[in-house]
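Annotated features, as they stand in TrEMBL:
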type: COMPBIAS; residues: 365-385; note: compositional bias 'Low complexity'
type: DOMAIN; residues: 1-209; note: domain 'RING-type'
type: DOMAIN; residues: 4-49; note: domain 'RING-type'
type: REGION; residues: 339-385; note: region 'Disordered'
type: TRANSMEM; residues: 219-248; note: transmembrane segment
type: TRANSMEM; residues: 269-299; note: transmembrane segment
């Protein structure tokens with residue numbers, strides 16, 4: 001009998017399984033249930049339940065989910081779609097229930113694509129990924145129009161990379177989103193791909209809020225940051241030096257005293273006193289190094305990022321004001337909804353483009369999840385047996 005790290009129950013040794021990537025061992029019941037919940041939650045890259053950074057190998061998924069073939073098929077379909085979404089030249093046919101992926105190496109030069117699935121033949125645009133449209137002014141407006149439409153339903157927004165609609169529960173969760181198909185990390189409020197410093201920068205996006213700051217609030221915050229940052233940073237440095245100097249000996253002494261709880265009282269007291277004395281001598285140097293590094297970093301970040309965001313907001317405001325002054329509106333129809341694009345002049349004539357005899361873009365190839373099912377199944381059982 002052996003204890004499982006997940007359920008903390010004693011399980012026979014033969015009921016355990018070892019993961020391929022990280023070699024961690026769990027009972028089959030726990031790992032199967034964990035995989036089922038992960039796949040039902042649309043997770044393709046399933047992390048190890050033990051908290052390590054390794055991802056569960058597809059062979060483990062197919063091996064331990066048997067005989068649940070429906071869930072295995074769903075996992076394979078998601079895996080293939082995620083792999084295809086990471087290819088920049090892949091576009092998915094927008095026709096309902098089609099599921100074909102078209103690979104077009106020269107899509108930017110020849111954006112008109114024709115789905116090669118028998119019985120479909122839908123033509124769509126490589127750039128905006130919608131049903132093919134005439135003219136060149138629609139693509140730049142399609143994503144903005146889709147964003148405006150989804151603003152009426154705040155629970156669904158398109159991924160900025162693969163344009164897949166993502167649903168977010170209105171349960172107070174954070175605005176840092178992860179697309180399970182293409183792996184993009186983006187902000188729910190501004191719909192832009194972000195890094196870990198996005199919510200610390202003056203973008204107007206908040207980690208927990210439901211909407212961005214207004215332009216006025218963001219402008220006041222940026223100006224206030226430029227004026228008040230030296231005072232705030234200096235005060236923080238003055239407070240942090242004695243705080244760090246006192247907290248380090250206290251935390252070290254507490255940890256040493258707790259670790260030696262099974263030792264004699266005299267040894268405990270002597271060891272704790274020695275640790276506190278040593279840390280008290282070292283802590284001023286640590287505090288000085290922290291301040292010496294932190295103050296220039298904070299000042300540099302403030303006076304680089306804040307002016308950059310301020311200029312961006314001013315330019316964005318001017319562009320929006322110009323767009324509102326455009327008097328002519330041309331209506332169009334994009335994939336089932338109506339919108340309007342503003343234009344001052346008729347769209348320019350499109351440049352001649354090299355096309356195949358049937359009018360499709362040269363060189364595309366189409367794939368769907370069924371094309372890879374046989375290869376996926378054969379490789380999943382032979383690689384790590």
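Numbering starts at 1 and runs along the chain as displayed.
A Cβ is built for glycine as well, from the same backbone N, Cα and C atoms used for every other residue.
The average pLDDT for the domain 'RING-type' (4-49) in the predicted structure is 87. DSSP labels the residues of the domain 'RING-type' (4-49) in these numbers: 16 helix, 9 strand, 21 coil.
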